[in-house]
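Copied over from TrEMBL:
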- 22-213: domain 'Cation efflux protein transmembrane' (DOMAIN)
- 217-293: domain 'Cation efflux protein cytoplasmic' (DOMAIN)
- 302-326: region 'Disordered' (REGION)
- 12-33: transmembrane segment (TRANSMEM)
- 53-71: transmembrane segment (TRANSMEM)
- 92-113: transmembrane segment (TRANSMEM)
- 125-144: transmembrane segment (TRANSMEM)
- 165-183: transmembrane segment (TRANSMEM)
- 189-206: transmembrane segment (TRANSMEM)
């Protein structure tokens with residue numbers, strides 16, 4: 001492993017560990033203060049917020065261990081690394097959030113029907129303001145970590161905590177309205193929060209599922225790969241481009257089309273240059289390049305990954321020194 005690659009891995013490990021530790025710490029602090037506030041206020045919205053924080057702690061703990069497993073280097077049994085552990089963590093978060101949303105809707109409907117009043121609403125407001133401040137600081141840290149690493153698990157965690165900012169703001173509004181006699185507001189806001197959480201869970205789960213199913217990289221990234229390969233001297237075209245991602249890793253495979261008359265060393269040097277340039281486009285990229293002579297490339301291959309002029313360039317053979325034309 002090169003010094004540059006080792007430095008990138010160490011930087012990745014530093015940021016994901018910092019973000020997950022902060023996430024676990026904030027989640028447990030919020031559980032403590034929200035549990036006390038719920039017992040004193042008997043607010044459905046506060047219970048919704050408490051339930052969300054409890055799920056945050058479970059999801060954060062799972063993410064905490066998952067990213068540590070994901071950053072382990074490839075071994076003999078996992079030659080492509082452990083990056084998909086991040087997607088599994090995101091799937092678990094999705095399931096937990098969906099389950100909590102269903103429980104919140106059930107509890108809120110029951111409390112709405114019973115018309116249970118909110119007690120000591122001001123305590124709930126103060127706790128929610130504290131939650132907003134802590135969550136905002138955590139989300140800022142997570143966004144920095146995402147920019148540094150591109151971690152899918154941290155991104156899922158950040159999405160969840162970002163929704164908490166709206167959730168805690170909604171709790172504040174609900175408690176204030178309930179304090180002025182609008183008892184329905186507490187349950188209605190709790191139901192709206194549950195719906196919002198369920199929508200976020202579906203998005204997280206779908207993205208994680210697509211990653212586990214080896215979805216192609218975004219079109220913009222694929223086009224950047226294609227353009228980079230085309231610009232390498234000696235490359236006459238490319239086909240069979242396949243891409244995927246697993247945690248922080250991107251995997252790129254492609255067939256490059258080369259002139260028939262190149263010797264093995266020349267073709268190898270061109271392929272090496274392609275691998276180096278593509279690997280330099282993103283952090284943590286594994287590139288595999290296969291070399292094809294132009295004469296064996298079927299003309300019916302898709303043209304979007306082949307230069308338009310390729311078919312117009314006649315095949316050239318090296319000059320024969322024994323061929324003397326008078």
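The backbone N, Cα and C atoms fix where each Cβ goes, glycine too.
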Quick tally over 12-33, 165-183, 189-206 of CB pairs under 8 Å to the transmembrane segment (53-71) gives the top stretch as 12-33
Going by DSSP assignments with H, G and I as helix and E and B as strand, what are the residue counts for the domain 'Cation efflux protein cytoplasmic' (217-293)? 28 helix, 29 strand, 20 coil
